[in-house]
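Peer 1: Here's a structure for you.
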Amino acid sequence: MPEKKGSADAKVLHCSFCNKSQHEVRKLIAGPSVFICDECIDLCNDIIREEAQATARAAIRSELPTPAEIKTFLDQYVIGQTSPKRMLAVAVYNHYKRIRHGEIKGDEVELSKSNIMLIGPTGSGKTLLAQTLARMLNVPFVMADATTLTEAGYVGEDVENIIQKLLQNCNYDVEKAQRAIIYIDEIDKISRKSDNPSITRDVSGEGVQQALLKLIEGTVASVPPQGGRKHPNQDFVQVDTTNILFIVGGAFDGLEKVIRDRTEKSGIGFSAAVRAKSERGVGELFSEAEPEDLIKFGLIPELVGRLPVVATLDELDEAALVQILTEPKNALVKQFQKLFAMEGAELDVRPDALKAISRKALKRKTGARGLRSILEGALLDTMYDLPSQGNVSRVVLEANAVEGDGKPLLIYADESEAASGEKAGRGEVRDAAA
């Protein structure tokens, strides 16, 4: 006679790992001739998580460079800006040392996080500094634009979208994401319009600053899995931002006037000291920035207090722009020389052309960001014709081509072209317009 289901003699299933019966655990999952309970699954997850954390801690211990090594690495990619580099190197070193220190149990002293604010004119290297730091430290890096952020519930991106982008960059490895660097650009564009508290709601200005406070200081952010929308009944990915280093940057156009008004008050009447407005440059004025200046500019005091390290970048002059064109590892001239080498031609950018490019960028007031468009414009016609001309061995760029008064010179490798060039007068050099 077959056994009745649920009778006392029915077969009781046991976990193949801990041997607990199905009545002692909440869930028993069946596989091919084996079973595993929910308690063993939790234990396996804990073991995997501990191993991942140990790997991440070992990576931080073994790869933490000294401030001098960080600055040396930054020097290879970013020209000038010595003081900001030193400040960044020390702040980043102390941040990751703090993470290591926090893992030591039983220590009474807790080290607070030192987030960084970069202030400098457009094209001075703020974004490049943050990107280079992340590349050196081999940590996840994400860049966000503050101008697209709004308060939660309004059309636009809320601040938690930044953490969502970070998780996507890390393939949803939460442990790795919690040691990342986040760079928020254009932070000055979310300043409030007045230094007095606003009565009406400012969802893209002061409201965003309020939303960023806890994220920057350290909180557990709930992010929808795989970038989905938020639903009440779904499980969220929990990301602790306590050990994430936040770097914010902005051009702060108009801050120099706030600083000048504070530092150059000289009274009235015959005893007043008369000073020229243009005595000091923007970079020099930025170096004297105080928290009160940033608050008057439009940042709320709470946000300024959570960004204790303020590094100011100098304006780039002509000499610095020439260095940027030629000296860094990924210098612009080196990039174009590699492009021309792929076509079998050598690119020679003369010193007077480098100076002409730098002067043009200074007139545009775009800093180093405008160098590529100027160089691209000067070489555009040549790059268009070069693939069709297989006998060009060298391209010479001079100042007149940059200024629009001529074309780059082409030197041909073909002997017949050289011979015809000699009849015309001067060797094998021909104008690109020919």
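Cβ atoms are placed via backbone N, Cα and C, with glycine included.
In case it helps, Swiss-Prot gives these features for our protein:
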DOMAIN    3-56  domain 'ClpX-type ZB'
BINDING   C15, C18, C37, C40  Zn(2+) binding site
BINDING   P121, T122, G123, S124, G125, K126, T127, L128  ATP binding site
Peer 1: Any same-chain residues 6+ apart from P121 (ATP binding site) with CB under 8 Å of its CB? Would you list them in sequence order, or say none?
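Peer 2: For P121 (ATP binding site), the qualifying residues are A251, V282, G283, L313, E315, L316, G367.
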Peer 1: What average pLDDT does the predicted model assign to the domain 'ClpX-type ZB' (3-56)?
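Peer 2: Across the domain 'ClpX-type ZB' (3-56), the average pLDDT comes out at 80.
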Peer 1: Once near-sequence residues are set aside, which residues in the chain of C40 (Zn(2+) binding site), 6 or more away, have Cβ atoms under 8 Å from its Cβ?
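Peer 2: Correct list: C15, F17, C18.
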Peer 1: Are there residues of the same chain, six or more positions away from G123 (ATP binding site), whose CB falls under 8 angstroms from its CB, and which are they?
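Peer 2: The list for G123 (ATP binding site) reads L316, A361, T366, G367, A368, R369, G370, given in order along the sequence.
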Peer 1: Determine, for the Zn(2+) site, the additional residues of the same chain whose CB lies within 8 Å of the mean position of the CB atoms of C15, C18, C37, C40; present them in sequence order.
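Peer 2: Neighbours within 8 Å of the Cβ centroid, excluding C15, C18, C37, C40: S16, F17, N19, K20, V25, L28, F35, I36, D38, E39.
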Peer 1: What is the total of other Cβ atoms whose distance to the Cβ of C15 (Zn(2+) binding site) is within 10 Å?
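Peer 2: So the Cβ neighbour count for C15 (Zn(2+) binding site) comes to 21.
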Peer 1: Residues other than P121, T122, G123, S124, G125, K126, T127, L128 within 8 Å, Cβ to Cβ centroid, of the ATP site?
Peer 2: G120, G249, A251, L313, G367, A368, R369
Peer 1: Of T122, S124, which of the binding-site residues has the most Cβ neighbours inside 10 Å?
Peer 2: S124
Peer 1: Have a look at the binding-site residues G125, K126, T127 and say which one has the shortest Cα distance to C37 (Zn(2+) binding site).
Peer 2: T127
Peer 1: Could you find out if DSSP has C18 (Zn(2+) binding site) as helix, strand or coil?
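Peer 2: It is coil.
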Peer 1: Here are some binding-site residues: C18, C37, L128. Which one has the most Cβ atoms within 10 Å of its Cβ?
Peer 2: C37
